[in-house]
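Data block below; observations after.
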Amino acid sequence: MVYRVGVVGAGVIGLSTAYNIKDRIPDAEVTIVADRFSPNTTGDGTGGLWMPYMLGSTPTESVMKWGKRTWDHLIKILRSPEADAAGVSIHSGHILYEQKPEQDPFWKDMVFHFKHFTQRELDILFPGVKFGVHATMMFCLCLRYLPWLMQRYKAIGGRVMKQRLSSLDEIADLYDVIVACPGVRARHLLDDKEVYPIRGQIVTFTNPRSAMSYLETTKPDDSSDTYFLPSPSAEYIHCGGTAQVNNWNEESDPEDVKGIIERCTKLVPSLKSAKVVSTWAGLRPGRSSIRLEKEDKMIGGKLKKVVYNYGHGGSGITLHWGCSLEATELVRQSIAELQAIGPTSKL
Ligand SMILES: Cc1cc2nc3c(=O)[nH]c(=O)nc-3n(C[C@H](O)[C@H](O)[C@H](O)COP(=O)(O)OP(=O)(O)OC[C@H]3O[C@@H](n4cnc5c(N)ncnc54)[C@H](O)[C@@H]3O)c2cc1C
């Protein structure tokens, strides 16, 4: 028997989840329902660095499990002929700190070449900076990755429906299992008051080449940062940033843009000769912790199987593959529960 699965969301979370359900559960007929697709989802405007960031109190073990599966997935693509098409690349860079953190980041053994700068290196390269690390990281440029993954999803029979939902009630009759991946808009669509926007502004420059790719965290609590992330072939450089909590503005803000240009050119003076190619602002789906679980819920007057996968903060790209595999497992369990009840008494 075929089970109908509706995945709400076509961002990096929804699309990867829909892909894995379709790929791994032969009995499922999968449809993505969303009003925004690439290049208009949150991940599309970002540099796509693999690095856990702004995840509330999501347990570290879960972050490491989902992050490792995603890291391994990206490495597999990197080592395939598809790497360029998929927008997956690897770059070395630096993370500079205003104050020495109490401990190394928990993900330091996942990435490559993690090492502290010596005082001599700091004095020569970044005079005045107290502490810094060097690391080689994976990048996944959603602007390329999402169309690439969408093509693969459609090739295995995945379906797509463009629709703006004001409530899940509108699709209750269409699907046996609903998978909710609406990003920050879970606050309205699911009435989840734990979800809030963390607004980020980005300015993209032509890459002056002399600008090393690195990220500076200016405050110990990560609340404000200045970063440079290269595009896959390093022709552009994405500079940031802001982290404005509860700001729903998706338009570029001239003051933020000005601040980013000032901070970035101070750090890398050669950027002064680079051209601004574009500016973009997006909303990180902040939440107390990532919601990745299933429940039976009354929707449109019927008890439905619902799987949730949202609230990935500043790490949606970093964790997407691992989270999508876990959501797929929850869908598999939901379908098994429906099968156990039998076709006549389907929820
Ligand atoms: C400036 C900035 C920089 C970032 N940098 C990085 C980075 O370097 N690395 C990293 O890992 N992460 C980064 N992030 C975070 C990352 O981009 C997000 O965590 C991720 O993109 C969230 O993906 P999502 O699929 O959950 O949400 P979205 O991409 O927002 O997708 C939500 C989907 O749900 C659909 N939807 C929602 N509500 C409805 C509705 N009512 N009806 C129909 N459809 C609906 C939308 O149409 C859309 O398709 C950054 C974010 C920002 C803003």
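Cβ atoms here come from the backbone N, Cα and C positions, even for glycine.
Curation plays no part in TrEMBL annotations; they are all automatic predictions.
So that you can see what the record holds, here are the features copied from TrEMBL:
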- 5-330: domain 'FAD dependent oxidoreductase' (DOMAIN)
- Asp35, Arg36, Gly313, Gly314, Ser315, Gly316, Ile317, Thr318: FAD binding site (BINDING)
- Arg284, Gly314: D-dopa binding site (BINDING)
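The highest number of surrounding Cβ atoms within 10 Å, among the binding-site residues Ser315, Thr318, is found at Thr318. Less than 8 angstroms from the CB of Gly314 (FAD binding site) sit Tyr53, Met54, Leu55, Ile198, Gly200, Ala243, Arg284, each of them six or more residues away in the same chain. If you average pLDDT over the domain 'FAD dependent oxidoreductase' (5-330) in this model, you get 92. In three-state terms derived from DSSP, Gly316 (FAD binding site) belongs to a helical segment. Arg36 (FAD binding site) falls outside any helix or strand according to DSSP and counts as coil. The number of other CB atoms found within 10 A of the CB of Ile317 (FAD binding site), across every protein chain shown, is 28. Largest Cα-Cα distance over the residues recorded as binding FAD, namely Asp35, Arg36, Gly313, Gly314, Ser315, Gly316, Ile317, Thr318, equals 23 Å. Counting other CB atoms no more than 10 Å from each candidate's CB, the binding-site residues Gly313, Gly316 peak at Gly316.
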